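If you check TrEMBL, you get these features:
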- 7-27: transmembrane segment (TRANSMEM)
- 39-57: transmembrane segment (TRANSMEM)
- 78-101: transmembrane segment (TRANSMEM)
- 146-275: domain 'Glycosyltransferase RgtA/B/C/D-like' (DOMAIN)
- 154-180: transmembrane segment (TRANSMEM)
- 187-204: transmembrane segment (TRANSMEM)
- 210-231: transmembrane segment (TRANSMEM)
- 243-260: transmembrane segment (TRANSMEM)
- 303-324: transmembrane segment (TRANSMEM)
- 443-461: transmembrane segment (TRANSMEM)
- 468-485: transmembrane segment (TRANSMEM)
- 491-512: transmembrane segment (TRANSMEM)
Amino acid sequence: METCKNWFTYIYLTIFGICLSYSLFSATLNMGVNAKYPFIWYGGMLIVMGGLWLVLNTSAAITSHFRLSWVKPGSRKAAVFLEAFVLLSIVTAAALLRFWIISNLPMQPESDYLTYYKVAELLAQGKLISDGAGYCDYISQFPHVMGFPYILSLVFRVFGVSVSTGLYFNLAVSLLSIFFVHRTARLLAGNVGGILAAALVAFWPSQILYINQMASEPVFMCLTLICIWIAARLFKAPDGEKAWKILVFNIALGILLAIAGGVRPVAIILLIAIIICSVTYKARLTGSAEAGLIKSCMSRGWIRALAILTGYMACSLLISAATAKAIDRELPGTTASFGYNLMVGFNIESRGGWNEKDSSFLTQRFAETGSAEEAHIASRAMALSRLKEDPVGIANLIFQKYTLLWENDDYGSYWNLLFLKQQNNLTSQRNEFINSVTIWNNIYYIICVYLSLLAGIYLWFGKKVGTEHVLVLYFIGIAMLHMFLESQSRYHYNILPVFAILASAGAVEIFIHHADARRTATDSIATSATDFKSGEQSLEKAAAIEEQKSSEEELIEKEAGQIDNKFNLLDAIKQGHVTVTVTEAYLNSDKDKKEPGEKE
């Protein structure tokens, strides 16, 4: 697959860098908010980031001097076995940690989590309409509430209705997410990158601590990670891939995105990110010019995008129709369904978070009109009135909400402390444990965001657009969405595996950069040595030719001398060097003769 960068690519990569830089700044400041010596935390985090940069580059520079082929397994089967063993070990350790949290921090569902559980229970029993009229009204206002309970109800029908069943289902889904993180990162950053990303997600403290909540986030995260993996496969697909497989994968991707949207509507952000990166796709047609209609279509990015949208729209319509039938209520239209969230997002007093005042407003309007759509329209009107009354305050709130969403990773600790206290299960040991995990969790979070920022910098200098850019756009979309709509710290839960994938890619890129630099330097030295050797050989050849030429000249002179040294009898006689009696007499007699007519 070939997708090229354009001006828009540099715009969103710049926004990504600015956002992550601000997130690092906010998270670093947040570390020292309640500390006795806050500046130790500030300086300490800067030292940690600088030290990490130094360690990674030093390690990369050292390893670039050696060929590491001796540490590789001797065969492909051995390599696959080793990678599978390491991944299995990571997943097993992750499962044990999550199982320990469920067992030692027992939690009964509260708030939204209780709603999910009750709706799933009624669905499993087939009594939602008859015994859950209040829940049906609530779902008509927020249709996505049906998504996770419906999936959970299928599990309840097989394993029985209980809190433990729901929690262990979320545990299994979390482990499946680790697998797809590994597969995606492996496509982007190789085997080492895949293992590193899997380890980062498997041992992420906040995700481990959050496993005892009956939350929809684990299922939604797993669905989105499957979608990201499919997108990565499509971006990495060779030109010779069968066209019908590519078509099926694109349609399946749209269907899975719609299912994810049924659990949490923000899945549309991932859809948009994939569409943006797909439209610039261009494939080379292999074989004959008449490659077939499907193959020709799948070589064009905009047609692939249409295939994804077709699957998404068709499945979304089916989900909406099924939800309306299950609750026997009309659902609000797409354009009106965000009215309540916008109203809450523009509430300066609650800092854009849930509050009783706005919740009562929606409930009252629904009771008056009997229409979820009318209630959302009234909420949207309230949001716009707040914007008109205090536009500067709303602008300030927008950036404040970004800070609140990304300045820490405390949501797991927060909900555990809150619900354990409400249920009288918060012991001093549990309180101390959760608070200690919170500190290390935020350090862990900052490191992963920092490495993701490095990955963004490397993407700036890359030439192609791929899955990494989908992840970047996904983060930007989620961040911007919650700057306007309702926001909580836990709403960044689904971006954490994105940070893990990008962090592993960033770390691997450092090693690749040093390896390439070393290879370039080695090639340059080899080229110089070759040129020098060629120069020496040329000089030696010229000297040999000159020596041969001199030898030939000497030989010629010698031969000429030999010719000159030959004895000439006539010259010798004339010069008087040799005297021959008869000859001399003969010559003298000739001299005495005179020609006729010659005068004396």
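Cβ from N, Cα, C; glycine included.
Taking residue pairs at least 6 apart in sequence, the transmembrane segment (303-324) and the transmembrane segment (7-27) share fewer than three C-beta contacts under 8 angstroms. Of the recorded ranges 39-57, 78-101, 468-485, 491-512, the transmembrane segment (443-461) has the largest number of C-beta contacts under 8 angstroms with 491-512. DSSP assignment over the domain 'Glycosyltransferase RgtA/B/C/D-like' (146-275) gives 112 helix, 0 strand, 18 coil. When pLDDT values are averaged over the domain 'Glycosyltransferase RgtA/B/C/D-like' (146-275), the model yields 93.
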